[in-house]
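For B:29-46, B:58-77, B:114-134, B:146-164, B:169-188, B:194-213, B:225-245, B:289-306, B:340-363, B:375-402, the entry in TrEMBL reads transmembrane segment.
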Amino acid sequence: MSAGTSNPMQSHQSAAAATHQPLLSVRGVKTYYGNIIALKGVDMDVNEGEIVTLIGANGAGKSTLMMTIFGNPRAREGTITYAGRDITKMPTHDIARLSIAQSPEGRRIFPRMTVFENLQMGASINGLAHFDQDLERVCTLFPRLKERLQQRGGTLSGGEQQMLAIARALMSRPKLLLLDEPSLGLAPLIVKQIFTIIKELNEKDGMTVFLVEQNAYHALKLAHRGYVMVTGNITLSGTGKELLENPQVRAAYLEGGHH
Amino acid sequence: MNAPSITTSSAQDTAVPSRFNLAAALKDAFITALIALGLSIPILSYKTEQNGSDLFLASRWRLVAIFCAIVFVLRVLEHAFLATRAARKALPDPHQATEPVHAEPSAYQKVSRFAIPMFLGVAVSFPILVYLVQGGLNESRYWVDLGILILTYVMLGWGLNIVVGLAGLLDLGYVAFYAVGAYSYALLSTTFGLSFWICLPLAGILAAFWGMILGFPVLRLRGDYLAIVTLAFGEIIRLVLINWVDLTNGGAGISSIPRASFFGLPFTAGEGGFADTFGLEFHGMHRMIFLYYLILALALLTNFVTMRLRRLPIGRAWEALREDEIACRSLGINTTNTKLTAFAIGAMFGGFAGSFFAVRQGFVSPESFNFLESAIILAIVVLGGMGSQIGVAIAAIVLVGGPEMLRNLTFLKAVFGEGFDPNEYRLLLFGMGMVAMMVWRPRGLISEREPSVILKERKAISGSLVKEGHG
């Protein structure tokens, strides 16, 4: 990873960002569930070192886009490129080996395995090579998990499970982290904690984050850039600040504001 | 009876509303018994008997009395049970989910600390114990034979446990691999004269190969659908064995399969045999005891390999696959390979067990590999607790040894009369046992999953306890 990404706040604002190749680029992607079209030709870019958020109502196709990037379901049309490689037709487990990690919707931790084993599963791609270091790192990020390493995943509270899902994704040392609704069903205080950690990962480690969220206010405040999705189409895009101030976004997603 | 202890224990907690009241329970049980008596007068108390051409009524008041007594006792027990349960529910649950759990050893650890060395010791010394108790080789034949049978099922249970317990793939056709193993040995030895020790690995490889063949088409299936396809696969193998007469000799089976030798020494009376070489007097039981240790070694090998694999990435991937397939894939695990290896390795152990079966029986036929066998093996895994090795072993002993024990319950004849054969009630008791399990331990005897990694802190804690003499 280049050291130039250490100050992403400026790089995304300049028009120059568009000239070099984005880390992840989605072009004209259409995804179907059977005959039902879920994504109607989506274009989206995530540049290295950015936090990009995707907001939208329930059923807009946010999670579908995230899963499509991971090849499950496959895009029927369009291309997805990651670090210059076409990953549109790659099997999910091979995509995961390209240093992309995902914390999927609904956390999907392994409930009968201990926290420690869950983290081991996250590290299984690199054959536990840096396991001890990475374990220490996620334990510093999430001290709650450290207390509960021997506890079964299923006995954790919702917030702890979400932390575990993110920690598990981090164990593979990803360059690009995909997070699907990390704030789902969590108390505001925990949401704040999790968003702080995402910011820390981005600023300190230069990790690129693609964040799918319902919690538009927090997500847009955190993100460098954002996209708004409505029924399978990207309708708006811009910097986090621009979108926060956009009257349409305010009306649709921030009414009654989470301040 | 345990009634007084129940009253005292519930008396400690005055908040419990439904305290066990012995007088009321007895009164209610008496009324129930009276109803039973009333009902049994038209149903039970008389039966018609024919003596030549005469038909007359024979009274069976003894039987009626026995039934009323049973109803009475059961009713009292029911009251006692409900009262204790209510008392237990009223107390706060000591295991709150959010509490850290590493303080107390789990049920699994409590059981395993004593049970595993004990089981192993009994299993290893079983033929000797039986010899001493029964007082002779001839007398111990039945017991060693039963031991072999149980260990075969323990091995099959452990083999299937890889597929069902660890990888979470519900396989109703496991007996197919058992059959592949048995027929592999039967055909290779009778046709090419290969010895058991060469055929054993070959049978395992062939069974693993068939495991992969089954695995490919069912990769995308889960749960019920997978169960149906595997069930069909088991039946296909059996039907092929019946109908491919040229190869398998059809329903008549393959007989006079060569017996196993003691690493080249045959178990025969003549010169150069096992008994002759070791200077023993020839006895047919030598072979039986050898077979016992052979299946014990094979079963322990299955267990050892499984325990080892659980700690390796592939074993962890199996368990992760059981928990959540989508999460597995997004963590970079190739679920196709993971499933196929689970099928193949599970099938391989089934194949080993099958070739052992063939060498023990000296005869194989498709009849030995019907669906009931698959169902029993699956029942062993499910009742034992999916994924638990010791649970599967206990379940195999109970499910295979239990029905055999029924044969010996001759004292029941004293209660129910001479014509009573406890063995006929085998399946009834089996079913009752299953229902009871589903009610009280729905996730199997040992449902707790033992973590594959135990952190050093835990070791330090238990180590310090041992020093203080608490271990």
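Heads up, residue numbers simply count up from 1 along the chain you see.
Yeah, the Cβs are placed from backbone N, Cα and C, and that goes for glycine too.
Automatic prediction, not curation, is the source of TrEMBL annotations.
These figures come from a predicted structure and were not determined experimentally.
The transmembrane segment (B:29-46) shares more Cβ pairs under 8 Å with B:58-77 than with any other stretch in the list B:58-77, B:114-134, B:169-188. Nonlocal intrachain contacts for the transmembrane segment (B:225-245), taken as residues 6+ away from its ends with a CB within less than 8 angstroms of a stretch CB, comprise 169-176, 179-180, 183, 210, 214, 217-218, 251, 366, 369-371, 374.
Sequence-distant neighbours of the transmembrane segment (B:114-134) (same chain, 6+ residues past either end, Cβ-Cβ under 8 Å): 140, 143-144, 147, 151, 289, 292-293, 296, 390, 393-394.
The largest share of C-beta pairs under 8 angstroms with the transmembrane segment (B:289-306) comes from B:146-164, of the ranges B:146-164, B:340-363, B:375-402. If you look at the transmembrane segment (B:194-213), the same-chain residues 6 or more away from its ends with a CB under 8 A from one of its CBs are 176-177, 180-182, 184-185, 188, 237, 258-261, 263, 340, 343-352, 354-356, 359. Taking pairs at least six residues apart, the transmembrane segment (B:375-402) and the transmembrane segment (B:169-188) share three or more Cβ pairs below 8 Å and count as touching. Residues 156, 159-160, 163, 194, 196, 198-200, 202-204, 206-207, 210-211, 214, 222-224, 226-228, 230-238, 241, 247-248, 254, 257, 339, 342-343, 346-348, 350-359, 364, 366, 368-371, 373-375, 377-378 of the same chain sit 6 or more residues outside the transmembrane segment (B:169-188) yet have a Cβ under 8 Å from a Cβ within it.
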